[in-house]
Amino acid sequence: MKMTRLYPLALGGLLLPAIANAQTSQQDESTLVVTASKQSSRSASANNVSSTVVSAPELSDAGVTASDKLPRVLPGLNIENSGNMLFSTISLRGVSSAQDFYNPAVTLYVDGVPQLSTNTIQALTDVQSVELLRGPQGTLYGKSAQGGIINIVTQQPDSTPRGYIEGGVSSRDSYRSKFNLSGPIQDGLLYGSVTLLRQVDDGDMINPATGSDDLGGTRASIGNVKLRLAPDDQPWEMGFAASRECTRATQDAYVGWNDIKGRKLSISDGSPDPYMRRCTDSQTLSGKYTTDDWVFNLISAWQQQHYSRTFPSGSLIVNMPQRWNQDVQELRAATLGDARTVDMVFGLYRQNTREKLNSAYDMPTMPYLSSTGYTTAETLAAYSDLTWHLTDRFDIGGGVRFSHDKSSTQYHGSMLGNPFGDQGKSNDDQVLGQLSAGYMLTDDWRVYTRVAQGYKPSGYNIVPTAGLDAKPFVAEKSINYELGTRYETADVTLQAATFYTHTKDMQLYSGPVRMQTLSNAGKADATGVELEAKWRFAPGWSWDINGNVIRSEFTNDSELYHGNRVPFVPRYGAGSSVNGVIDTRYGALMPRLAVNLVGPHYFDGDNQLRQGTYATLDSSLGWQATERMNISVYVDNLFDRRYRTYGYMNGSSAVAQVNMGRTVGINTRIDFF
């Protein structure tokens, strides 16, 4: 198997300062968890909500190796990219990120840290679990949480030695190699871990101009190191984590709208291959202090990202390098213990993001357009969340968040030799709230109702546009009404909900492709029902089934798209999987069969570009060859179903990106301990 040398990256990680991580390996269930949910497990916000939690083994069984594969295990979630992995299109409960690639409707968190929007699609390293919260989460999580939030929780080092290597190969000359080592450096005081990952997912698209036949894929190299200072018998601990990810991609690869089974790009003669290189550095410093009644958490995180991007667009060649910097600080305090009548969470939050973009659109004989832009965005917020346990079966909860948002832009450039430029500043204040009530009908059956708000802040277009002034768009706001239920026993888990979400001042792209600008496009309503169930019908065997039906439309008073469907929102979706364990004299066999159905949806607000219903079937078979060795074979998209993942109008004709089709592979994992 081809391997990539990551030794310099590992050495650099081991030389980082010996500061520790804020997360303990064993936590009281009622404590506030830094790297997962912000609320305690007893709070109304944690119980009066639709949620799904997936463990690391479940992720592995489903072949989820990157965040864009999470829809396989998180019902109702849809993730694709619009052009390339920098610009994710996420929809959940009828709320879509099609409105703004840089301000998603669902924010991705890793160990409590919000990721840059251009880092939403990323490879998964040493994941412990993933949690999806559906519906607006604005009071606890702030901006860009209208549809919900995704929490990715990674494994924290503790006194238990862990280590493994993984390797695998799959279709289109793709491969994956991974190394992890974790455990005590000085038991009772200091713990550490290191993870190295090389993940190659090549494509099979052909550029007839260059002869390249492996376009449309990605190649990622990732390193992560964690240190945790947690003295025994002390009420405090500290931690530090650092990672670096570099991904090369040949996306921005399109075919003709009706040529979804074709491999040749729809591209002008002489056009070069599309190319993108993204590198992201992340650092997190965190701490925790526990008293008899309270637990305090502090987190400070930084992300630096730069990428270069070149792609053909009609007769133009586009070069678009960009730099991002983000820092986040949060201080939280939560009550501790199971016998309290009132549980509380209080927090202070700051997020600052800075971006620089250089862009050049060149014709074969002369420059067409060039520009340089700078944008900033800062959020200062204070929030609280309270739960009143009226009885041992009935609770009510409420939360509020005060947020102050500031943004600025400055840009200049020239178009066919004509200069342009402008600058501007804006600020805005938001007050968000949520109320909920829950009642336990039995020890296993809960019903709840919830009203919650979410928003995306005001701001400016990231990409400068010639001839347009620096005019800010206003904040987009949503309110959600929900009624749900959850039933859970040792053998059966069932949850269902019905919801209505109203969004006003929607932020939506409009204008010519590649020169689109954000503006407020009116209002939209989303209504839907969702169901999720798991039946453990025999020892080692389970059956999962889920489904949803959603109607998400612009209202009649929307200026541009009145009565149209909101783009990137499937009208319905469903999924089912069967997982099992068969004991044999040669080791356990673990079969899995899963089907996923995605309903029709549009890629544009005009509702001209429609992808119809499609279904995919995935299968896998694992073999526990020895106590420490596991081998699995899999076939994703067994029947090679082709479908569009994104599309747009290119002049008078439409082009589309399509999925990769059937993938066959084999993986091996060997544990050290």
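Note: Cβ is positioned from N, Cα and C throughout, glycine not excepted.
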Taking 470-486, 538-554, 657-673 as the choices, which stretch does Swiss-Prot tie to motif 'TonB C-terminal box'? 657-673
Annotated range (Swiss-Prot: motif 'TonB box') out of 30-37, 70-77, 126-133, 222-229: 30-37
State the mean pLDDT for the domain 'TBDR beta-barrel' (160-672). 94
With helix taken as DSSP H, G or I, strand as E or B and everything else coil, how many residues of the domain 'TBDR plug' (41-155) land in each class? 26 helix, 40 strand, 49 coil
